[in-house]
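**Q** Structure incoming, see below.
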């Protein structure tokens, strides 16, 4: 099956954000509606959740959310007849490949990438020294400078060539060291974490057993506080003469390779660490940072455009300002004239209404007089008729 496409990851990001994650993680309750809408059996959904929740914290970050969405879609569409027993390598986030390798080593009781025999483990000493000498620090910084990205971050896979040159450090121990300095399982680590990570590998290469925890001052370093490389208060302050004389030079071959071309990229991969899907799709520490940087660039371009448009409009407005003022004055004068005409019309209408009432009264009086004259005429006509009748009778 193909890797996750960038467009697919962006689609999952929109869904992820719409569910309003808390601390960049989603709970089972927040995902319940999506899981139910898939109409997959509960047994399959549980198996998919177990595969997706790589760090076993009961919540899914964005990378784990991408995994569960892709697995659900592939099962629904028939691309996967059944839920796989383990994640395919192309679906494993690069930031969590070390966790999966460590979990395999614990669950299976062995490590496919190189086990530690009991006899070899017995040879390891417990006098692990957290102190980073100036010489070692200089070596670690050279390695860091050769592999850090533009944000000053280091990926686990970017040091594959260094891992290949370690003869006494199995892959499981490299993963353990990475998890020790990267407790939040980020895809990348900063400079302070890188220096401590390389120091742990250096100590392990020289026969020191990797401890299970880190001093409090280093935990503060991993929390982005000011680092303190002199940890004599928490660990043994000095290194014995026998240790110094018998100490193996760390990453000597690797330093010789990068000495002539610090910026060269490594193409060597011994197969111990398959490169998983890069969910960031761009350089950066996380999607939120990349998104904000893009938005900032868009806003800067928009601001430049607005400033240029405003400048052009200002130049044009200086030429047209006088004409605009005259036009506005003319429009207001016409409005005033219109309002005055309306007022005059209203006054005249009121006067005309008074004159009309007087005329109506005159008409009514004339009508009454006409009626009276008509009655008088009728009476006289009747009298004339009687006189005419009398004259006729006398004849």
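Even glycines carry a Cβ here, placed using N, Cα and C.
Per Swiss-Prot, domain 'EH 1' is recorded for 8-98. If you look up Swiss-Prot, you'll see 40-75 marked as domain 'EF-hand', on the strength of sequence analysis. Annotated Ca(2+) binding site per Swiss-Prot: 53, 55, 57, 59, 64, in sequence order. Positions annotated as domain 'EH 2' by Swiss-Prot: 136-225. Swiss-Prot lists 285-395 with the feature coiled coil, giving sequence analysis as the kind of evidence. Taken from Swiss-Prot, the feature compositional bias 'Basic and acidic residues' applies to 305-314. Feature annotation from Swiss-Prot assigns region 'Disordered' to 305-325. Among the features that Swiss-Prot reports, compositional bias 'Low complexity' is placed at 315-325.
So where do these features actually land, and what's packed around them?
**A** With a threshold of 8 Å between CB atoms, the same-chain residues lying at least 6 positions outside the domain 'EF-hand' (40-75) that come near it are 1, 4, 8-9, 12-13, 15-16, 21, 24-28, 31, 34, 82-84, 86-87, 91, 93, 95-96, 99-100, 185, 187, 277, 279, 286-287.
For the recorded site, residue 55 (Ca(2+) binding site), the DSSP three-state label reads coil.
Across the domain 'EH 2' (136-225), DSSP helix (H, G, I), strand (E, B) and coil residues number 53 helix, 5 strand, 32 coil.
Under DSSP, the residues of the compositional bias 'Basic and acidic residues' (305-314) split into helix, strand and coil as follows: 10 helix, 0 strand, 0 coil.
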**Q** Could you pull out which residues elsewhere in the chain have a CB under 8 Å from any CB of the compositional bias 'Basic and acidic residues' (305-314), counting only those six or more residues past its ends?
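**A** The answer is none.
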**Q** Sequence gap of 6 or more, Cβ distance under 8 Å: name the residues on the same chain that satisfy this around residue 59 (Ca(2+) binding site), in order along the sequence.
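**A** In sequence order, 25, 26, 27, 28, 53 meet the Cβ cut-off.
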**Q** Using a 10 Å cut-off on Cβ-Cβ distances across all protein chains shown, tell me which of the binding-site residues (55, 57, 64) has the largest neighbour count.
**A** 64
**Q** Quick one: which residues besides 53, 55, 57, 59, 64 have a Cβ within 8 Å of the Ca(2+) site's Cβ centroid, in sequence order?
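**A** Leaving out the recorded residues gives 25, 52, 54, 56, 58, 60, 61.
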